[in-house]
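Here's the structure, in structure tokens; my notes come after.
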Amino acid sequence: MSGKMNEWESLNTTLNRFTDNVVKFRRDSRTKALKCWRPIVDGIVDYVKRKDDRFHALSVFHKGSYYERSKVGEPDEFDLMLVMDNLELYDEPFEEDDGLSEPPIGFTTVMIDQGEEKPWKRDECVNRRGMLNATRVKAVFKRLADEAIQDMKSKGHWRNVTVKSGGTAVTLKISKDGREYSVDLTLGIKDNTWPEDAEEWKTRQRKGWPKRNLVHDIHEMGCHLVTKQPKGHSPIEQERGFLWCYSFSEAEKKLFLQGEQGEVNSCRRQVLRILKALREELELQPLKSYHLKTLLLYECESQPSARQWSKDALSERFLDLLKRLEKCLRSKECPHYFIKDLNLFEMLNPEKCDELADRVNKILKQPGQVLIRLIK
């Protein structure tokens, strides 16, 4: 047993060195990044609010790894959700026929209340039944963001800013002082009800993490709906634009920031940041940061005690998370943390999963040596 303890202590030391040399980013870099993009985002949001009354109630919700304090490397990527507060949903899902097929798991549709759909008829953002088209709403926002940037460029400002649209977000690319910052702006609607697709999460049998009161608070908080198209599903083509994806960014942020309350020396976020850094340094694509975050949340449920996440247990938790990752890659299954029937690995190439599993296994066999080679 003492031999195993010595191995863990040695790996702990190496993991902490790796964190200091590879994972952490400097505070001055963070301040410089925020000063660069914040005025631009504020300017775009203000312009959009003024120019189109459908977006008059936009509010900014900070999401993603930077705001969960799990960002690795330089602070050059940021995720913001722009919540359309005027479309906040309180009611249970509507019962009337919306004329659309059943949405794939993880997605839903939004019906604008009768009498409130008139402004959304512009740009064909709603159909004749009052169903809100996510794709068209996002396109309108991108057009307005483009206009805002061109307006500022005509006044001699923001010459270093470009905007593009892809996936869930409208992305700003900002170049300054030899660095490029990327800011994803995702349109969202607050849904104060908890989705039926995620009902299992509320009643899931747990060993103590997250605590019942936190589960209750998150359930009562609801979720967001964002403009994201489904992958791996084949809804009727003309219906794809009407699909809104459930987002649990607010719940995830709450889990990371409140799930550790009272755990002064927790290594939860450090383990995640190390895994993210390994993904980047070893080019373990197409694994995404979200996959690793999902696996960490499951590992937190499996190891619920604060003692199991103490700084002294860093090496054990690191190895356990790697084992969980290898197992999921072997089985080609990574269940969404909130919607367990949704497989996040569904679109990954099976052969690529096997290849990644083999690479993770090699790390497990010689974790210290792999980390030392990457320390600069």
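Using the three backbone atoms N, Cα and C, a Cβ is placed for every residue, glycine included.
Record features (Swiss-Prot):
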BINDING   Glu77, Asp79  Mg(2+) binding site
Subject >> Other C-beta atoms that fall within 10 angstroms of the C-beta of Glu77 (Mg(2+) binding site) >> reply: 18
Subject >> Where Glu77 (Mg(2+) binding site) sits in the secondary structure, as DSSP reduces it to three classes >> reply: strand
